[in-house]
């Protein structure tokens, strides 16, 4: 789990997301509180419940991006799910308990990687022996073996091809659910897993270079040194205490005034979410998982519905409300220039692969921001996503002709932007240009 302070978390999010300081602060404090709780006395630790967050704001202002960046920062089991993908228990589809099962799988992956790192040195030694076996055979004399070991460590044999046996992760025989059995998807029957255990772990022969073989062999040897029981126990503990669930599009399951039908099922999903957010025990194939201390961050645009359309009990379980504001021209300008992987930087890098140098003047960036603001206000406000539409339109000709213009430099100014997107800004009825 991350030990970043709230200020450091906000500063890290600032590298990718412009503005929305309130939302960043809320998630930073929530993340830090996870760490603070771990430092408490065990008797008090169980009493400290996470303060779940509801993020409200128009589309394209950074709600989902905050969750993506938070996942990388968290250093804890983190899963982002769309609320619209789940159905009420009793209907065909995935029920909300699957969220926790998926979260445990994420936890298993995290703990396994950590354990692999701990035994990597031992695994590397074993992997080297297996490479030598493949190169000189198991019956070679110690002198020959040492001679090849020296060459191997000096990198002289990196490109030599060898045959190695590695664990077969499964042949794509997926799992299936047993119809008509309640809770059947606790451990969706995974055929490859069952057969693998029955046959004592299958292996497959792979032909690869010496250099490329190391990653597979080290992973293979690491897994032999790791106790799966310990991994499962630690993953369940980590999920229960540090797990974070990001529920996107929660406004889509809010019951709207008037009209029944689909609304009944939407309300059913909310009812199913209640015990999960409040604290319940979910059965998984790794054992029962308590959700009392899992942090839930919900977000929605609430264009059609309002937060008050959610069930009152669910509203009560999301005590921290954060509003994200719509983006203005200055925000668009900063998104184009200041973020770590800004659109302008991406397009420059793409064109450099064709040996084409792309430059944007300051007034071109202003013009791009102007067009995006105008389209958002006159057509539909889709936030920062509008910039992708505008940029694609501006660079359409350049992208198409780039292979023929290699070795040249192109400077884009305000006049060029207006020439290529002027019609887009004026004829808002031309639906082919509107995202």
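Cβ from N, Cα, C; glycine included.
Among the candidates 133, 242, 248, the one that Swiss-Prot lists alongside 18, 60, 61, 62, 63, 64, 65, 313, 385 as binding ATP is 248. Sequence-distant contacts (6 or more apart, same chain, Cβ under 8 Å) of residue 63 (ATP binding site) comprise 23, 55, 57, 248, 299, 300, 301, 324. Around the Cβ of residue 65 (ATP binding site), the number of neighbouring Cβ atoms within 10 Å comes to 17. Between the candidate binding-site residues, 18, 61, the densest Cβ environment within 10 Å is the one around 61.
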